[in-house]
Amino acid sequence: MEKRPTAFSYTHNILFSVWLCLAAASSCASADLTLNFYSASCPSAELMVRSTVRSASNMDPTVPGKLLRLLFHDCFVEGCDASVLLQGNGTERSDPANQSLGGFSVIDSAKRLLEIFCPGTVSCADIVALAARDAVEITGGPVVQIPTGRRDGKVSSASNVRPNIVDTSFTMDEMIKLFSSKGLSLDDLVTLSGAHTIGAAHCSAFSDRFQEDSKGNFTLIDSSLDNGYAEELMKQCPAGANPSITVKNDPRTSFVFDNQYYRNLLAHTGLFQSDSILFTDRRSRKQVEHFAEDQFGFFESWVQSFLKLTSIHVKTGDEGEIRAFCPTANA
């Protein structure tokens, strides 16, 4: 039976994360973002987002993984400004690379609740960041005290998506270059890849690790993948499989935010090529091995890297707007 987070683990993680934030106060806020930004204008804002995320996650355990992935796709394109939520032809959301994103209904639910009690106050960008933060907590990971005050962007272009998100077939150099362009280091790359400890992926995301023969059968062509695990993947995703089929990122503790992802890499059971390369590349191997042995160390690094992720090119002050409805820019 899969281990689920316990009350003790939540309490321990809360105390741990508060200590981390106090120990590195400069990392707990970035330019124009502040802790408890809504303390006067909407004191219960974070509580309302957390309650919405927890309720949705109780009904559907895949929600946390979807919310965490949604944050990555938002922040890496145009910065953390909720531009990924905007609907319409030619928007980020319409790009094929974002068609498999989920969690939008959870963000919309939180926004509707906030608009009732604090109209025109809490940005969709902050909701996305807070929801991803809460998704990690709910699944047993550390609680990150993140600053708020982000504003919503007005620009959302599909043409900006592909050049700014990681493709699962990326080489190490390509990933390092992309992360560096966002102000993230190699350590951040390895740490934030740990998000794959929860969530799921469509078969097409790792199909490049196999080759289909003339009879429609797959054979493994990626030597970095464990043969037994490859057989399981081919059973779950046979040739001609329904495009809607998904496979869990972490086959062992799929709904728990822990360090099992790194243990999987050591066992050559990383789902994506971009996962496996973290262990095979000498530049990142030691950090993978460290996190596989030390969950505390992974959580400590996660807090710092997550703060950096949620601060990428944020809009504050007079920039952007506070949307009334997350899928649509204000008139």
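Each Cβ is built from the backbone N, Cα and C atoms, and glycine gets one as well.
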Key: Member of Cys75, Cys80, Cys118 annotated by TrEMBL as disulfide partner of Cys42   = Cys118
Cys237: disulphide-linked cysteine among Cys203, Cys326 [source: TrEMBL] = Cys203
Query = If one measures from the C-alpha of His196 (heme b binding site) to the C-alpha of Asp250 (Ca(2+) 2 binding site), what distance in angstrom results, rounded to a whole number?
reply = 7
Key: Chain-mates of Thr197, Asp250, Thr253, Asp258 with C-beta within 8 Å of site centroid, Ca(2+) 2   = Ile198, Arg252, Ser254, Val256, Phe257, Asn259, Gln260, Tyr261
Request  = Specify all same-chain residues, apart from the site residues Asp74, Val77, Gly79, Asp81, Ser83, Glu92, whose Cβ lies within 8 angstroms of the center of the Cβ atoms of the Ca(2+) 1 site, ordered by sequence.
outcome  = His73, Cys75, Phe76, Glu78, Cys80, Ala82, Val84, Gly153, Ser156
Query = Are there residues of the same chain, six or more positions away from Asp74 (Ca(2+) 1 binding site), whose CB falls under 8 angstroms from its CB, and which are they?
reply = Cys80, Asp81, Ala82, Ser83, Val84, Leu85, Ala125, Val128
Subset of recorded positions (Arg69, Thr197, Asp250, Thr253, Asp258) lying within 10 A of Gly79 (Ca(2+) 1 binding site), CA to CA, in sequence order = none
Key: Whole-number Å value for how far Asp258 (Ca(2+) 2 binding site) lies from His73 (active site, proton acceptor) (Cα to Cα)   = 22
Ask   = Distance between Glu92 (Ca(2+) 1 binding site) and Arg69 (site 'Transition state stabilizer') at the Cα atoms, whole Å?
value = 14
